[in-house]
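Over in Swiss-Prot, the protein carries these features:
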type: BINDING; residues: I24, D70, N97, K131, Y164, K168, V197, T199; note: NADP(+) binding site
type: ACT_SITE; residues: S150; note: active site, proton donor
type: ACT_SITE; residues: Y164; note: active site, proton donor
type: ACT_SITE; residues: K168; note: active site, lowers pKa of active site Tyr
Amino acid sequence: MTGNEQKFSLQGKVAIVTGAGSGIGRETALCLANAGANVVVAEANETTGKETAAKVSAQTGSRGLFILTDVSRSESVQAMVIATIEAFGRLDIAVNNAALHPDASPIAELHEDHWQKIIGVNLVGVAFCLKWELQQMIQQGGGGSIINISSATINRPQEKMSAYIAAKHGITGLTQTAAVENGRHGIRVNALAPGGVATDLTMATMQELGLTEENEAARSSLFKRFAKPEEIAQSVLWLASDAASYVTGATIAVDSGLSLI
């Protein structure tokens, strides 16, 4: 193994990926596993979560473990972290990816229950995950990398996405605060802000908003296409690895230049 390969290796490490039942989460779980990490698939959908864990175990040299998790409930996240330690003994990497799609209504007509549900998963859920992940990393002596998944909409807001965008802005604040508080423990906390990604969630959102992939890709990408989920996963791998050892508190755009358009 060369020096560069060693920096990207996650051999012997343990990772949690929330919302890993599909899309970015699933590809991230597979990517981290291919780099050598054992991966906990923390997912609210038992069927898709078990599918991802099975793929990790079957397609990589690592172990995948599904744990049913509702990130909007602190006790569920705590139980998931405890189960991770019982299974693998430690926690080195956490990717807080679980999210609900936008509410598809303007602010003046927002559906209050759905708005609160989105905030509960997309923002409060990240806070709960950070709480229990950080406690475990500190308890085991420090070190580790946490990656929160934000969105390019923090720089390029769109109509009818108020709860989603508000939550993603909140992730920036959580990321920066967690980085400041935990640098002394050697824990790095960063966020990725993807642009358009070809996932089931993206397709469902566009359908609700009356948008098409062709038009949105042409409008929102210098490459005139959406990202593949695995392209986002590769950026997660970099932040998770020692190759990004001096990076913390950052929200990094992975958006094919959307923020420049």
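Note: Cβ is positioned from N, Cα and C throughout, glycine not excepted.
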- Look at the binding-site residues I24, V197 and tell me which residue has the greatest number of other C-beta atoms within 10 angstroms of its C-beta. I24
- Message: Return only the integer: C-alpha distance in Å from Y164 (NADP(+) binding site) to S150 (active site, proton donor).
- Response: 10
- In whole Å, how far is S150 (active site, proton donor) from K168 (NADP(+) binding site) when you measure between their Cα atoms? 5
- Query: Across all chains shown, how many C-beta atoms besides its own are within 10 angstroms of the C-beta of D70 (NADP(+) binding site)?
  - Reply: 19
- Query: Among I24, D70, N97, K131, Y164, K168, V197, T199, which the record lists as binding NADP(+), how far apart in Å are the two most distant Cα atoms?
  - Reply: 28
- Compute the C-alpha separation of D70 (NADP(+) binding site) from S150 (active site, proton donor), stating it in Å without decimals. 18
- Message: Give me the count of other Cβ atoms within 10 A of the Cβ belonging to K131 (NADP(+) binding site).
- Response: 15
- Query: When you measure from the Cβ of N97 (NADP(+) binding site), which residues in the chain that are at least 6 apart have a Cβ under 8 Å away?
  - Reply: V17, T18, G19, A20, I24, G25, T28, I149
- What does DSSP call V197 (NADP(+) binding site) in the simple three-state scheme? strand
- Residue from K131, V197, T199 whose C-alpha is spatially nearest that of S150 (active site, proton donor), among the binding-site residues: V197
- Item | Packing count at T199 (NADP(+) binding site) (other Cβ atoms within 10 Å of its Cβ) | 22
- Note on the structure: The correct three-state DSSP answer for D70 (NADP(+) binding site) is coil
